[in-house]
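K.L.:
Heads up, here are the entries from TrEMBL:
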{"type": "TRANSMEM", "residues": "A:21-47", "note": "transmembrane segment"}
{"type": "TRANSMEM", "residues": "A:72-98", "note": "transmembrane segment"}
{"type": "DOMAIN", "residues": "A:73-285", "note": "domain 'ABC transmembrane type-1'"}
{"type": "TRANSMEM", "residues": "A:110-134", "note": "transmembrane segment"}
{"type": "TRANSMEM", "residues": "A:165-184", "note": "transmembrane segment"}
{"type": "TRANSMEM", "residues": "A:213-240", "note": "transmembrane segment"}
{"type": "TRANSMEM", "residues": "A:269-288", "note": "transmembrane segment"}
Amino acid sequence: MADTARRGALAGRRPSGALLGVVPFFVYVTVFLIVPTLVVVVGAFIATGPGGQGALSLANIRALAQPAVTSALWHSLILSAVTAVAGAVIGALLAYAVSTAKPDGVLRRFTTSLCGVLAQFGGVALAFAFLATFGATGYLTNVLASTGLDDTGGLWLYEWNKGLMLVYLYFQIPLMLIVFLPAVEGLRPQWREAAETLGGSTWLYWRKVAAPILFPSFVGALLLLFTNAFSAYATAAALVSQGSPLLPLAIGGTLNSEVILGQENVGKAMALLMVVVVAAVMTLYAAIDRRASRWLAR
Amino acid sequence: MSGIRATRRRRQSVLRWVVVTVSMVFFAAPLAGMLDFTTKDAQGRRTAATWAKLVDVEGISRDYPDLAAGFTASVGLAVLTVVVMLVLLVPTMTWVRLRVPGLSRTVEFLCLLPLTVPAIVLVVGLTPVYSWVTYFLGESTIWLGFAYVILVLPYAYRSIDVGLRAIDVKTLSEAARSLGAGWGRVMVRVVLPNLRTAVLSAAFLAVALTLGEFTIANLFSRTNLQVAMFLLGKSDAQISVAVGLAALVFAFIVLFGLSFVGGRSHSRKENS
């Protein structure tokens, strides 16, 4: 009896007391995540020009149509798409190759650790690595020059559609391995044995069993790679010192000194544009990921 | 049947070695470039002078104060980020599981939200927030840790969530409570030890992300390790490339070492 009474008392106290426990988290997230997001979203629609100071306006959004922004966006989209597709294909092949090795073997540990570092830790160091290799004094620059492939002395490295693509691939392939390896590992040997027992060839197994199971994971990983490249800033900033060929660099530029008077909030509009693209891709990713997890118990 | 399987295994191992070798050459080439670059003197002869400079700790803090300051700041940032992240996430996620399960979707959404808000966007929005942080707490680099917590939120959430799923928090905490433990003691002495692996991996992710962070620090003009490396690259390229290579190798050794520690629990049954 006393027990029930006490439980009743606890239940009565629950709402206020229990909610108090999550207050610190919500306050923190509000200050450092929600407020910044709102600053971007609201700021994108507030004019800073001499005409309408502080008024609601679409001027910043219209400013996105200027050629500098559209070309930055276009470059970013192309760069992200190409490196995502190439990275996904090569990375998936590498993931499959690694998955056929012993699960606790040194090869597997070595590759996953290396890829972990290259995918997540790179940034400035990766830019340096490529400068040291293909830059003016890099050891492969001479090799390329002597074979006639490169007569610019390593200048191609700084171009968004040549050098940056190569550098981005250098962290996209490792990321693909990390994201896709669990999916490949989820392919059970029994499925292959079943296909063989029923007389299926290797080709048939891949086409009818493995590919349909892996496809959602593959597309999901590809989308993840796309957003990864689309929002990357460090490597490009360390490599490109002039101009803003990519959207993240253009946004960074508006925070530094290159702001034209009255256009302070164009940076916010660009940031909003970026969020919209990333959010659209991530929503697609979430839907595909649900589909993928049907076969792969994680 | 066994004949087919043996052939397949042979083919697989050929494919494995070809693919892995080609990829490793691709991965190794730029790293070799770094090593080559840092061991060359002006005449193109081999020398270990750069690395000797890097090992000399006193010399570094004398000749490259920015680098030393950036390194110290990054270590401080890593500690602050991990502590704030754990203090914020572990109790909240446990509490939500135990007492307010209705909020679990909201918490999950908020924790995964940073995935759609890239660091470069966060910087734009954080500018006014950080003018307040600077007003209240001063201009020290270390306060960037607050923003870094947001960046690690999705990864930390996922790994702690996996940890919480694996244990029966409810029974554990009820047992502890009925034995007279307060909530604080339940968190520190019961929940936290049971989440060891999850907390470790969340903390490792936070450290890796903090040590590699460049975007926010650079755009707020604060000097952490990456920014120091970047700035140094303009004046003394060799030493900054050496630092970059050392950082990559260090991170690799830590990850490789960790893979032996936590690997057991990950190996699946179906592989046997």
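Every residue number used here counts from 1 along the chain in the order it is shown.
Positions of Cβ are set from backbone N, Cα and C atoms, glycine also.
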K.L.:
Near the transmembrane segment (A:21-47), which same-chain residues lie under 8 Å Cβ to Cβ, leaving out any that are not at least 6 residues past its ends?
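P.N.:
Result: 53-61, 265, 268-269, 271-272, 275.
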K.L.:
Counting only residues 6+ away from its ends, which parts of the chain sit with a Cβ under 8 Å from the transmembrane segment (A:110-134)?
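P.N.:
For the transmembrane segment (A:110-134), the far contacts come to 94, 98, 140-141, 144, 154, 156-157, 163, 166-167, 170-171, 173-175, 177-178, 181, 234-235, 238-239.
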K.L.:
Grab the same-chain neighbours of the transmembrane segment (A:72-98) for me: Cβ-Cβ under 8 Å, and only residues 6 or more beyond its ends, written as numbers and ranges.
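P.N.:
Sequence-distant neighbours of the transmembrane segment (A:72-98): 107-108, 111-112, 160-161, 164-165, 168-169, 172-177, 180-181, 183-184, 214, 218, 221-223, 225-230, 244-250, 273, 277.
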